[in-house]
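Feature annotations, courtesy of Swiss-Prot:
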MOD_RES   Met1  N-acetylmethionine
MOD_RES   Ala2  N-acetylalanine
MOD_RES   Ser10  phosphoserine
MOD_RES   Ser12  phosphoserine
CROSSLNK  Lys19  SUMO2 cross-link
MOTIF     38-66  motif 'Q motif'
BINDING   Lys60, Gln65, Gly85, Thr86, Gly87, Lys88, Thr89, Ala90, Asp342, Arg367, Ser368, Gly369, Arg370, Tyr371  ATP binding site
DOMAIN    69-239  domain 'Helicase ATP-binding'
MOD_RES   Lys124  N6-acetyllysine
CROSSLNK  Lys152  SUMO2 cross-link
MOD_RES   Thr163  phosphothreonine
MOTIF     187-190  motif 'DEAD box'
MOD_RES   Lys198  N6-acetyllysine
DOMAIN    250-411  domain 'Helicase C-terminal'
MOD_RES   Lys296  N6-acetyllysine
CROSSLNK  Lys314  SUMO2 cross-link
MOD_RES   Lys321  N6-acetyllysine
CROSSLNK  Lys374  SUMO2 cross-link
CROSSLNK  Lys382  SUMO2 cross-link
Amino acid sequence: MATTATMATSGSARKRLLKEEDMTKVEFETSEEVDVTPTFDTMGLREDLLRGIYAYGFEKPSAIQQRAIKQIIKGRDVIAQSQSGTGKTATFSISVLQCLDIQVRETQALILAPARELAVQIQKGLLTLGDYMNVQCHACIGGTNVGEDIRKLDYGQHVVAGTPGRVFDMIRRRSLRTRAIKMLVLDEADEMLNKGFKEQIYDVYRYLPPATQVVLISATLPHEILEMTNKFMTDPIRILVKRDELTLEGIKQFFVAVEREEWKFDTLCDLYDTLTITQAVIFCNTKRKVDWLTEKMREANFTVSSMHGDMPQKERESIMKEFRSGASRVLISTDVWARGLDVPQVSLIINYDLPNNRELYIHRIGRSGRYGRKGVAINFVKNDDIRILRDIEQYYSTQIDEMPMNVADLI
């Protein structure tokens, strides 16, 4: 909300040790007034939404859902620090759906995300969860036809999920009307700032009604995020995971010493049979490297698919569809894939390049062991990467061992 609020000191926050089976070692540092609601049935949700939640396959709310949904529904501004794989997307999606007046065919909630695929996934999740509610939801993203956006928005959408640039463009054109918006959700806010969306987020915010409720989700809370929460939020509730406790639990992490860049390719070829036991994602730091590696793998007769931010939207969507369905098993990608894209079968991640910043590490690796599934992460480490690897270990209080010969047995 528009008035500035200084965040309460952590002295007033209470540490809670969670007792859920797969969250045993995560400590939440959470505002005093946050209660735990152990079931969806006791959250006071509408019947048609509950049906959608259970039809989706959810049984019991995750730790973040048990704490955040009720607070958001109450209308409180909420800062939730939550890593990938904790059920954060469903947290705000369920809350948004609960707060809609379906009779009113105007945009009532706006969700901003850093990547096009993430916005589309949020939109699809909303439509699935809101299946029995007759909800209208549109993904407003760059790389798609502007005319189609205008047509969909004119038709009337209860919720718009999108990337900041295209959303702001639609607001400026007056196609996206903001007068009925009650809630703004900033998903993966840290990554939106990393991608230089800060100005556009502020631009969008200026067009919203002054009493708009703000929900911010972020894996990390750097200074710029806290500055934003001070500007946008009133007395926010905090639901935070202490940084040192962000869990990489259930994910076995290894490194392979490759000495030089040229040796990585042969190492990957040696591992290919292991990759295809399940589904694997291979991360490179640049689009050029993704294209180069994809071509080189195909020349060596290995089947791989690839994806990065320069590809046309349609192409990226069909690649994701193939990968989700299991038709393709090995995907080479940049970090565009690392944020929030949910493919349950992925249990192996390879960092062909170590990520450029340590926050990205948990986003990449967090893909491979979602909701307590076990996963394996393998990091290719050149001589001059050893320092970065040790830094990641220290930052996350974790251990990354040399890859054993029997790695296939661990997947």
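One-based numbering along the chain as shown.
In case you wondered, yes, glycine gets a Cβ from its N, Cα and C as well.
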Overall pLDDT of the domain 'Helicase C-terminal' (250-411), taken as the mean: 85
Number of other Cβ atoms within 10 Å of the Cβ of Lys314 (SUMO2 cross-link) across all protein chains: 10
Structural state of Thr163 (phosphothreonine), classified by DSSP into three states: coil
Cβ neighbour count within 10 Å of Lys152 (SUMO2 cross-link): 18
Top Cα neighbour of Lys296 (N6-acetyllysine) in the set of recorded positions Thr89, Lys124, Lys152, Lys321, Lys382: Lys382
Lys198 (N6-acetyllysine) versus recorded positions Gly87, Thr89, Lys124, Lys152, Lys321 - nearest by Cα: Thr89
Pairwise Cα distance for Lys60 (ATP binding site)/Lys382 (SUMO2 cross-link) [Å, integer]: 43
